[in-house]
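S.K.: In case it's useful when we look at the structure, here is the feature table from TrEMBL:
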- 43-294: domain 'G-protein coupled receptors family 1 profile' (DOMAIN)
- 25-50: transmembrane segment (TRANSMEM)
- 62-88: transmembrane segment (TRANSMEM)
- 94-122: transmembrane segment (TRANSMEM)
- 142-165: transmembrane segment (TRANSMEM)
- 199-223: transmembrane segment (TRANSMEM)
- 235-254: transmembrane segment (TRANSMEM)
- 274-296: transmembrane segment (TRANSMEM)
Amino acid sequence: MAASNITSTHPTAFLLVGIPGLEHLHVWISIPFCFAYTLALLGNCTLLLIIRGDAALHEPMYLFLAMLAIIDLVLSSTTLPKMLAIFWFRDREISFYACLVQMFFLHSFSIMESAVLLAMAFDRYVAICKPLHYSTILTGPLITKIGLAAVTRAVTLMIPLPFLLRRFHYCRGPMIAHCYCEHMAVVRLACGDTRFNNIYGIAVAMFIVVLDLLFVTLSYIFILQAVLQLASQEARYKAFGTCVSHLGAILSTYTPVVISSVMHRVAQQAAPHVHILLAIFYLLFPPMVNPIIYGVKTKQIRDHVLSLFWRKNV
């Protein structure tokens, strides 16, 4: 078997187990996963087409939303097709370098998603706290710089991981007890001193989540102060209503992360499939619900979707 041949210090391929302990249910589990992936593809592609096709939506808020949709498409497409191949065809083998590429895209685009959510919080802060300067602050060049900064930060933080993993000798076999190549799942197969990988992985995760959430929280503290100073209740409701979609996206992204983190600490003895299902939920849930959240709560997008639907049925 190709997976057992050792080239240099690493196997030529790994074998992805899928969901350990639930192998007999893989076909049934694949049904909701396939449905969620289909919704994610349809929803995010529709958002991108609507934003691209309407010049009135070429505003900072919608440009950031387009970035989020692209990231969600890449995140789900990086893992779901291979997962479905495991569930349907038992195609468990993944080459060593394909595994590293999947891991790099998975973690780097997760970091980009956090950065874009932070940028969207900044957008709402400027729109509500400095409305007269909105168009002069959030210019096209600044949005481009924000996008490039999000990509640069993610790539800079994640580019060491493939090189760090290449130097290990994998003496614990080729079987990865997961549906995809997650960093720590690969590290567990390595022999030698993996402390730096462990510390680096935890440090990056904490740095991203804590720092980005801190700035998002600060943005909303300032937003709340500005909203409460508005004269009428209707104005307060309207101003804060523009933040509802973004708050929904934040909750859909960070809630699974927090739940998974808490479970790893308070339920260490839980079956492995519990942790893996939570990890998959984190990958599937935001890409699936973010288009729905923005489609329902954003009038311009909702009107476009309804007009498309109406045209098809006339």
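Cβ from N, Cα, C; glycine included.
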S.K.: Is the transmembrane segment (94-122) in contact with the transmembrane segment (235-254), using three or more Cβ pairs under 8 angstroms as the rule and ignoring pairs under 6 apart in sequence?
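M.R.: Answer yes: the transmembrane segment (235-254) meets the transmembrane segment (94-122) with 3 or more Cβ pairs below 8 Å.
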S.K.: Report the mean pLDDT of the predicted model across the domain 'G-protein coupled receptors family 1 profile' (43-294), rounded to a whole number.
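M.R.: When the pLDDT values over the domain 'G-protein coupled receptors family 1 profile' (43-294) are averaged, the result is 89.
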S.K.: Apart from its near flanks, which chain residues at least 6 from the ends of the transmembrane segment (62-88) lie with a Cβ under 8 angstroms of it?
M.R.: 16, 18, 26-27, 29-30, 33-34, 37, 40-41, 44-45, 47-48, 51-52, 94, 102, 105-106, 109-110, 112-113, 116-117, 119-120, 123, 143, 147, 150, 179-180, 249, 280, 283-284, 286-287, 290-291, 294, 300
S.K.: Need a quick answer: max count of Cβ pairs under 8 Å to the transmembrane segment (94-122), which of 142-165, 199-223, 274-296 is it?
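M.R.: Stretch with maximum Cβ contacts: 142-165.
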S.K.: What else in the chain is close to the transmembrane segment (199-223), if you only count residues 6 or more beyond its ends and a Cβ gap under 8 Å?
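M.R.: Residues 111, 114-115, 117-118, 121-122, 124-125, 128-129, 157-158, 160-161, 164, 183-184, 187, 240, 243, 247, 250, 254, 257.
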